[in-house]
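Student: Structure in structure tokens, see below.
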């Protein structure tokens, strides 16, 4: 175990076993990355099918029922199972390196969080093959979902419950890591901005996921045991679901956009070659956005009929969020302003992000105006707005970070030329798809319709929109091709791949050893690596401790087994209302596996192991040649 | 930070100091427990004594608030000023409480008025 030879070839079985049991934050980042990418591709394909259906009026490419399933799964998958894990991949990879930690606070929980997410997501996607996917929209409003036949909604409820638990566990892990595992000298106001946004968005997850859990649980009880929480004919109230969902759902969009902001706040200073403008105001704005994110949920429900007072208050609160967001936008512009700008693939994504996101923000403020929202509600204008924010903000951040952090993740670089081509195709496709949807919305085209009649003036714009969607699909394919090509490219084997890295993660020589830092660094200010570089320190960091034994966690298969138990139990729960005889035994077996794994984890002491000085020196020599990392 | 650091055992004086501290803490816990039982008793008593509802409701809510604070500070150890990261922990707890209270307030005043 401790004498791991990093470059040695391993068999396929050994590699799979290694990834099933790993607790290393870098390997879990890779797992998050590829599973996120898989679900991103699936959800993107669903979107493509929908756009092909809507390309021409009166099209019968797919049926209305299938269309509902596709739109539900597209939204659910993109938000819960694609954007979240892709951002978690970068959080896992970068945050411990940025704060100077050897791993996250709870490596075991990190692994458990991933496997819960992955098996929950797999469970949700099995619905396609097992009698129909959920079809009540990603918001799954109770007045639709309670009456949805088949097991689609049950898949939604159980799958999200399992993967939501994983997300919550990971978030708690990040919070504890950032608070307790900072290297000596890394004060809160020296944290890189991506770490700050990770902290705040993990806090949002901590406060926002419990309402979702409660909502899903009530839905489960309503559907499985004929309870009446949401059934108005029996004294329930369908609006309760909407409140619970949006109390979670609005913070959820900030959970996704804040790390994206953080990623751009890392990318822009590196390529503007200038310190981030207004660091403390950026931190303040992040916290403020996080806090206000909880105060605005009812703006999704303006047309429910809460009354003028409620609508007015939530409208004002919503508009207030534009202030801290605007602060951020101006700070990015002022960071670029006067900088010695180097245009690279991550930077061009950042430059494309700013105007696209602002466009999405402006339409957001328009919708915050409650009277106008009565006109825009449930029209394609809404679709255009949130895709501008999500694709223009989050997806560009993720694509930029693929290029930006690929050298850290895999010790390879993605191709620049192909990167530019991908950017232009994807970016053009994105604006082509969603810009015209604003006008479709204003012309009265409702969202979530599977087809429309010709001669309403919608034909051309829908056609343009579909062409854009095909371009976006080509862009994503090129991105994947670029990743595959990088396998064959030369290892970069260097420190500070971009040459202008500022924060601590760039101070480490790639390939990064599994213990990250042979000696913990001493942080002497914001932009820790930049300070060392300016003082001519070739090792990239000042050390806070002498070379000594390192305490590392053991690998474990238990997280996978625990998650698998819940995955099995979910099938029992799903088919229980059908009155099948095997449902209860399956639930008992599944939960039994989980509980047994938990008992083993509690009873069996796992104290980890020590990596000795001599072994560290040997690994360093094997990675970086004679003399090690000096 | 280094793992070569020597670890020293506690001296006799330190041991006795620790014992005294623990005894003090135990005493505080028991006192707080008694106070909480007493507050619960008052809450029940106001109902049993059949006071006006306009009197009972605010009193019970007030007592509930005090109970929450006592619970957090006494039994959930938020009063330990020396504990690591206690400031961060308190911030998290109170921010969570404020956010939850806002939901309560919003539902009671502007949504289901």
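Cβ coordinates are placed from backbone N, Cα and C, and glycine is handled just like the others.
Feature list, courtesy of TrEMBL:
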- A:11-524: domain 'Cytochrome oxidase subunit I profile' (DOMAIN)
- A:29-50: transmembrane segment (TRANSMEM)
- A:70-91: transmembrane segment (TRANSMEM)
- A:112-133: transmembrane segment (TRANSMEM)
- A:153-181: transmembrane segment (TRANSMEM)
- A:193-220: transmembrane segment (TRANSMEM)
- A:240-264: transmembrane segment (TRANSMEM)
- A:276-298: transmembrane segment (TRANSMEM)
- A:386-406: transmembrane segment (TRANSMEM)
- A:418-440: transmembrane segment (TRANSMEM)
- A:460-485: transmembrane segment (TRANSMEM)
- A:557-576: transmembrane segment (TRANSMEM)
- A:582-603: transmembrane segment (TRANSMEM)
Student: Across the domain 'Cytochrome oxidase subunit I profile' (A:11-524), what does the mean pLDDT come to, as a whole number?
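Tutor: Summarising the domain 'Cytochrome oxidase subunit I profile' (A:11-524) by its mean pLDDT gives 94.
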Student: So which of A:29-50, A:70-91, A:112-133, A:460-485, A:557-576 has the most C-beta pairs under 8 Å when paired with the transmembrane segment (A:240-264)?
Tutor: A:70-91
Student: Against which stretches of its own chain does the transmembrane segment (A:112-133) lie, if we need a Cβ under 8 Å and a gap of at least six residues from its ends?
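Tutor: Here the qualifying positions are 28, 31-32, 35, 39, 42, 65, 69-70, 72-73, 76-77, 80-81, 84-85, 150-152, 155-156, 158-167, 169-170, 173, 559-560, 562-564, 566-567, 570.
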Student: Near the transmembrane segment (A:70-91), which residues from the same chain, at least 6 beyond its ends, have a CB less than 8 A from one of its CBs?
Tutor: 29-30, 32-33, 35-37, 39-40, 42-43, 46-47, 49-50, 62, 117, 121, 124-125, 127-128, 133-140, 152, 156, 160, 163-164, 167, 170, 174, 194, 198, 252, 255-256, 259-260, 263, 390, 394-395, 398, 401, 405, 448
Student: What parts of the chain pack near the transmembrane segment (A:29-50), using Cβ distances under 8 Å and only residues at least 6 beyond its ends?
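Tutor: Same-chain contacts beyond the flanks: 19, 22, 61-62, 67, 70-71, 73-74, 77-78, 81-86, 88-90, 92-93, 114, 117-118, 121, 125, 409-410, 469-470, 472-473, 476, 480.
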Student: Do any residues, 6 or more residues outside the transmembrane segment (A:460-485), come within under 8 Å Cβ-to-Cβ of it, and if so which ones?
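Tutor: For the transmembrane segment (A:460-485), the list is 37, 40-41, 44-45, 47-48, 51-52, 54-57, 391, 399, 402, 414-415, 418-419, 421-423, 425-434, 436-437, 439-440, 443, 445, 452.
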